[in-house]
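Encoded as structure tokens, the structure appears first; notes follow it.
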């Protein structure tokens with residue numbers, strides 16, 4: 001039996017492993033298309049600032065083709081380094097595109113103010129055509145409209161510090177778009193705005209350089225549809241992380257934004273580990289979880305073997321990403337979501353509407369948290385040297401805080417409805433005889449003798465109306481502050497007792513009792 005379990009574990013691990021790369025054949029290359037990437041031909045801030053201005057306007061041009069837009073965005077993303085050309089050549093390894101670097105320098109003869117660097121030949125006309133600037137009269141039209149602040153005509157500056165903060169403001173907006181451009185582009189606007197406000201408050205960006213919605217939508221859509229652009233952005237992030245020593249301020253900002261980008265699309269896998277396994281509740285010992293726990297274990301090993309690109313597998317469209325979806329471990333995922341909802345308020349907005357969601361195991365996770373509140377793990381207690389008295393003290397404190405949190409979350413509990421009872425020294429023969437009541441409404445409820453007898457047990461039929469009114473007043477004083485439902489129940493009980501008294505008197509006198517309508521009595 002032990003060998004069977006060992007073979008099963010090895011089988012599942014082998015099943016989850018991707019095919020290993022072999023040296024028998026060469027790498028498969030696709031049909032490449034050429035991407036033109038513009039880089040500054042000198043170290044002048046004027047050249048970079050003017051190039052940035054022209055590139056930003058090109059992004060918002062609807063006539064720019066997809067490959068050209070990709071090259072423009074790569075140019076903007078690499079402008080913050082000292083040698084953009086060397087950076088691009090070092091990190092680009094894409095089987096779908098071929099990068100062609102073109103240097104630009106200032107020009108007084110071209111309309112756009114830039115030209116392509118060449119040996120003797122004048123390429124001013126080609127530069128104007130590439131940038132889409134045909135004449136000086138279209139300058140205002142081309143330069144305005146892509147910033148929310150309409151008063152800004154252009155973004156050309158001469159100072160290096162001003163250029164860095166301006167470039168950081170534009171780069172921050174592009175990198176923020178990568179976080180949800182693939183996983184949730186339709187609902188990304190709110191989170192993107194929150195992160196923009198964060199960097200504005202930290203003085204990393206300038207709020208006046210916020211791009212308008214049209215410009216941001218164009219960039220987001222291009223990031224979502226172009227895998228080569230995403231490969232470049234991920235490669236740039238990894239290159240920044242690997243670089244030693246102090247990093248430029250823009251590079252540090254990119255690493256900070258990466259905290260929102262990393263593990264995008266892997267929320268189910270990460271949250272299952274966090275709430276399902278790391279909490280170490282005894283429910284993990286269920287037989288139903290044994291197979292899925294082995295699956296999670298093999299996926300964690302696979303995640304480690306993928307290396308530094310593992311957190312970006314969804315952004316990079318790696319085919320192995322499907323193995324990490326919650327459909328591979330539905331019961332454990334449902335249980336983990338129940339645990340997470342009880343432990344963290346932020347989990348309440350998570351979307352659970354999936355076909356493999358199991359409500360039973362979701363409730364299991366919730367109940368596991370509720371019933372384990374205040375309990376101290378014996379393993380952790382022994383590791384941290386916690387005594388039995390200290391563990392008991394912790395349990396008491398946690399129980400009280402949990403009750404306070406539940407009260408604040410659910411609101412005050414409604415008081416129970418209290419009914420009047422007769423004095424205990426009353427004779428037992430004064431109980432009401434069984435009475436049958438039938439509603440005259442079609443399809444109305446029919447109350448049996450036993451039901452009426454149970455609800456009116458202990459009440460006498462000769463209670464005077466004045467005594468009943470006095471009892472009602474006392475009850476109202478004791479129940480002051482309760483909800484209106486309590487008062488309605490008391491009124492209904494009073495009218496039911498009046499009906500009982502009338503029926504009892506009719507039976508005693510031997511007269512035919514008149515027909516009473518329930519609607520009149522209970523109105």
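From the backbone N, Cα and C atoms, a Cβ is placed for every residue, glycine too.
Under the heading region 'Homomultimerization', Swiss-Prot lists 1-36 (among others).
Taken from Swiss-Prot, the feature region 'Ncore' covers 1-403.
For 1-375, the entry in Swiss-Prot reads region 'RNA packaging and organization of the helical nucleocapsid'.
According to Swiss-Prot, the RNA binding site annotation covers 180, 195, 202, 260, 351. Less than 8 angstroms from the CB of residue 180 (RNA binding site) sit 187, 188, 191, 192, 264, each of them six or more residues away in the same chain.
Residues of the region 'Homomultimerization' (373-391) grouped by DSSP class, helix first, strand second and coil last, total 11 helix, 0 strand, 8 coil. Annotation source Swiss-Prot lists region 'Homomultimerization' at 373-391 (among others).
Summarising the annotation, Swiss-Prot assigns region 'Ntail' to 404-523 and lists similarity to another entry as the type of evidence.
According to Swiss-Prot, the feature region 'Disordered' maps to 423-442 (among others).
Annotated region 'Interaction with the phosphoprotein' per Swiss-Prot: 477-503, in sequence order, evidence recorded as similarity to another entry.
For 500-523 (among others), the entry in Swiss-Prot reads region 'Disordered'.
What Swiss-Prot records for 501-511 is compositional bias 'Polar residues'.
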Inset, instruction - Work out the three-state DSSP category of residue 260 (RNA binding site). - result: helix
Inset, instruction - Specify the count of other C-beta atoms within 10 Å of the C-beta of residue 351 (RNA binding site). - result: 7
